[in-house]
Amino acid sequence: MAARDTICALASGPPPSAIAIIRISGPAVAEIGKSLLASGLPEPKRAALTYIYDSDGALIDQGIALYANAPHSYTGEDTLELYLHGGPAVIDHALRGLTAIAGVRLAEPGEFTRRAFENGKLDLTEAEGVADIIEAETGAQKAQALRQLGGGLTEIYDGWREELTGTLALIEVMIDFPDEGDVPEDTARPILSRLEKIMSEIETALGDRGVGERIRDGFRVAIVGPPNAGKSSILNRLARREAAIVTDIAGTTRDVVEVRLVLGGQVVWIADTAGLRETEDVVEAEGVRRARRAAAEADLRIHVIDGTDPSPPPEQVETQDIIVFNKADQRPAILAPDGALPISVITGEGIDKLESWIAAFVSRRASSVEAPVITRARHREKLVAGLASLTAARDALVSDMGAELAGEDVRMALRQLSSVIGRVDVEDVLGAVFSKFCIGK
């Protein structure tokens with residue numbers, strides 16, 4: 001993506017629509033205003049009603065033009081937005097007219113926001129916040145994205161970076177003014193104190209049980225239990241549709257089937273899994289393996305007991321897990337365990353209560369961390385690596401392995417934290433982040 005190009009794209013929803021917004025950014029904006037707008041380029045931040053023509057003089061539409069001059073724009077470049085009628089023919093003509101001008105091309109996904117990042121208008125976490133707010137479906141997702149877009153994460157990571165930079169300066173003093181090769185205790189003490197403080201804060205951030213990522217991507221709930229206990233029917237009841245195949249044949253479900261719901265104001269992925277049992281069937285055995293993995297990775301497990309089959313109680317039930325006693329409408333062969341929820345997928349008994357229990361769990365989990373520092377897997381990966389480097393730096397100082405080694409470890413940690421917000425070269429990360437944006441953003 002060459003910065004000298006001028007880019008354009010439809011920034012509003014797909015046609016037909018009442019209004020279409022064509023966004024343009026780059027050095028050719030002034031030429032576009034002069035060539036295509038009947039009234040010329042408007043004054044900065046002033047909307048102008050004008051006729052828009054193509055380079056052959058054919059009328060495209062009558063619309064509103066809004067100009068923002070560099071660096072006072074979203075991208076930091078000269079930008080022009082055209083508000084046109086939202087018919088497909090108008091939009092197609094406008095984009096063809098723009099790209100007919102030398103140096104103007106259609107934008108790639110996320111290219112406007114990438115230019116904003118490259119021009120210092122946003123850092124990488126703020127750019128991710130832009131993508132997240134576009135995709136937000138729940139109030140919790142929107143609030144988290146707005147906080148990130150507003151620099152909430154930047155402030156925290158910049159604080160750590162500033163503290164580490166000061167720590168590195170103290171280590172450099174130790175290197176430049178050694179005391180006969182030993183680390184002076186009065187110099188090492190404040191360095192160790194700084195390192196311990198930052199490490200403690202990072203450990204706290206990493207101990208959030210993935211709340212920020214779950215708010216963004218969705219909480220995971222796995223329905224587990226023996227074959228024919230009614231797991232698929234429970235999924236269908238919760239989904240209010242036939243999401244999973246239901247038969248009387250044990251072992252019908254052989255893969256993980258997921259549905260996406262919004263419960264308790266949070267996105268929740270509920271997975272129906274294969275019945276847990278020993279089997280010689282290769283395909284079913286793979287399904288059981290996947291079921292166990294889904295259960296292990298889930299935030300919450302729904303353990304299903306078949307009330308007509310006195311099978312052993314579920315294994316590995318954690319405190320927050322839910323036990324449901326299915327087929328409560330039939331004559332139970334066993335008594336429901338204490339704390340189990342009696343349900344019937346036939347009559348619907350207990351389904352609403354099960355749904356409310358799931359909603360209560362995800363609501364509690366989402367509110368357990370007031371302001372998550374980690375909202376994506378890449379943030380967690382960098383923090384884990386940064387913490388490892390800081391631990392190595394502390395150990396080097398404590399064991400007298402040398403200030404040089406400690407300094408190098410602190411530099412590594414600083415680089416890891418800086419890469420989260422894009423303060424260092426992260427070209428591979430940029431491609432992954434901005435490729436997920438929509439065209440026009």
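From the backbone N, Cα and C atoms, a Cβ is placed for every residue, glycine too.
Taken from Swiss-Prot, the feature (6S)-5-formyl-5,6,7,8-tetrahydrofolate binding site applies to R23, E81, K121, K441, supported by sequence analysis. Under the heading GTP binding site, Swiss-Prot lists 228-233, 247-253, 272-275, 326-329, citing sequence analysis as support. The K(+) binding site annotation in Swiss-Prot covers N228, T247, I249, T252, and the record cites sequence analysis as its basis. Swiss-Prot lists S232, T253 with the feature Mg(2+) binding site, giving sequence analysis as the kind of evidence. The domain 'TrmE-type G' feature in Swiss-Prot is assigned to 218-363.
Taking each of the binding-site residues R23, K121, K231, K327 in turn and counting other Cβ atoms within 10 Å of its Cβ gives the largest count for K231. Using CA atoms as reference points, the binding-site residues R23, E81, K121, A274 were checked against S232 (Mg(2+) binding site), and the closest is A274. For the pair K231 (GTP binding site) and R23 ((6S)-5-formyl-5,6,7,8-tetrahydrofolate binding site), the Cα-Cα distance reads 49 Å. R23 ((6S)-5-formyl-5,6,7,8-tetrahydrofolate binding site) sits 56 Å from N228 (GTP binding site), taking the C-alpha atoms as the reference points.
On the backbone, the CA of K327 (GTP binding site) and the CA of E81 ((6S)-5-formyl-5,6,7,8-tetrahydrofolate binding site) stand 61 Å apart.
Summary: among the binding-site residues (N228, S232), the fewest other C-beta atoms within 10 A of the C-beta are counted at N228. For the domain 'TrmE-type G' (218-363), the DSSP counts in helix, strand and coil order read 38 helix, 34 strand, 74 coil. With a 10 A radius on its CB, E81 ((6S)-5-formyl-5,6,7,8-tetrahydrofolate binding site) counts 20 other CB atoms from all the protein chains.
Cα-Cα distance from K121 ((6S)-5-formyl-5,6,7,8-tetrahydrofolate binding site) to A274 (GTP binding site): 49 Å (rounded to the nearest whole number). Cβ neighbour count for A274 (GTP binding site): 27 (other Cβ atoms within 10 Å of its Cβ, all protein chains included). The secondary structure of R23 ((6S)-5-formyl-5,6,7,8-tetrahydrofolate binding site), as reduced to three states from DSSP, is extended strand.
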